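Only one structure is covered here, and it is reproduced in the block below.
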Amino acid sequence: MKQLPTLGIIGGNGWLGSALGRSVLTHGLVAPDQLVVTTSRSGHHYQAWPEVTCVDSADALVELADVVIVSVRPEQFDTLSLSLEMRLVISLMAKVPISTLARATGSERIVRAMPNAAAAVGHSYTPWYATPEVASDERGWVHRLLSTCGPSDEVKEEAQIEYLTALTGSGPAFPALLADALISHAMTQGVSELVARRGVLHTLSGASQLMLEENTSPAQLVERFLDYGGTTTEGLNAMLDSGFRQAVHQGLDAAHEAARHTPY
Ligand SMILES: NC(=O)C1=CN([C@@H]2O[C@H](COP(=O)(O)OP(=O)(O)OC[C@H]3O[C@@H](n4cnc5c(N)ncnc54)[C@H](OP(=O)(O)O)[C@@H]3O)[C@@H](O)[C@H]2O)C=CC1
Ligand SMILES: O=C(O)[C@@H]1CCC=N1
């Protein structure tokens, strides 16, 4: 693999593609004049890097890029016609399996990566799977690339990407749902929206930091509060009795099922 490949992101001005594009530039993994992105009707995300090349079609991008990241919606992928035989292809798409990517691009060197929305602030968690044809130096580069937007792990089976699409790819929406439920309850109790939102968001991020930094498992923290015998114990027991775990598990099953189905 060439030391400084030109990186192309099809969908590089979309939600996820622009988060990764900006992140590789911020970390200096790719120089601005080595990045090519497709334009988007919804805006341009590279004002700070005028040397980034914006092209108006995937065909034009493929002419310029050594490594191609595909970050269009799964249902948009079918409309692309890509000839990438000799290229490393990195897909960020849910629902599109390696077999389809290989058939559609002609490449055997394919990575399926699954960042999440927190990539926009450098706090994604990004698992990725590579076909056996991806060389070890390329794997190292892919890992550095994906790690620019948060921790990243290689997984050894594509099926894990399908499951992790539901768990961590969709993941930020699930604590957002919990946060919204907490905030709306607080507001019914007369707490201002400002205090409720700051309180809840800092409580969620503080709980994550506590468990990460003290290496405490969530199960241990829950158990500690269940044993504590205080207000938290009452709250946890009522939530568990109301089917909290079952609701979460049903949601993950539904997202996993959706992640296993190509939309065409
Ligand atoms: N958003 C998320 O949290 C996550 C998304 N993903 C995956 O990332 C992928 C992208 O999602 P997301 O960023 O949310 O979607 P967006 O709709 O925000 O971005 C898709 C981008 O692709 C562009 N595009 C579509 N068709 C073409 C084409 N034929 N040629 C060139 N560009 C094209 C769109 O341009 P235009 O705006 O003009 O239509 C848009 O900029 C999806 O496959 C999704 O499954 C994975 C994990 C998390
Ligand atoms: O909701 C979605 O389909 C995308 C893919 C994984 C997370 N978000």
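Just so you know, glycine gets a Cβ as well, placed from its N, Cα and C.
Among the candidates THR26, THR39, the residue that TrEMBL annotates alongside ILE10, GLY11, GLY12, ASN13, GLY14, TRP15, LEU16 as binding NADP(+) is THR39. What surrounds the NADP(+) site, by Cβ distance within 8 Å of the Cβ centroid and not counting ILE10, GLY11, GLY12, ASN13, GLY14, TRP15, LEU16, THR39, is the set ILE9, GLY17, SER18, GLY21, VAL37, THR38, SER40, SER71, VAL72 from the same chain.
Among the binding-site residues ILE10, GLY11, GLY12, ASN13, TRP15, LEU16, the ones whose Cβ sits under 6 Å from an atom of ligand 1 are, in sequence order, ILE10, GLY11, ASN13, TRP15, LEU16. Around the Cβ of ILE10 (NADP(+) binding site), the same chain contributes GLY17, THR38, ALA58, LEU61, VAL68, ILE69, VAL70, SER71, VAL72, LEU80, each under 8 angstroms and 6 or more positions distant in sequence.
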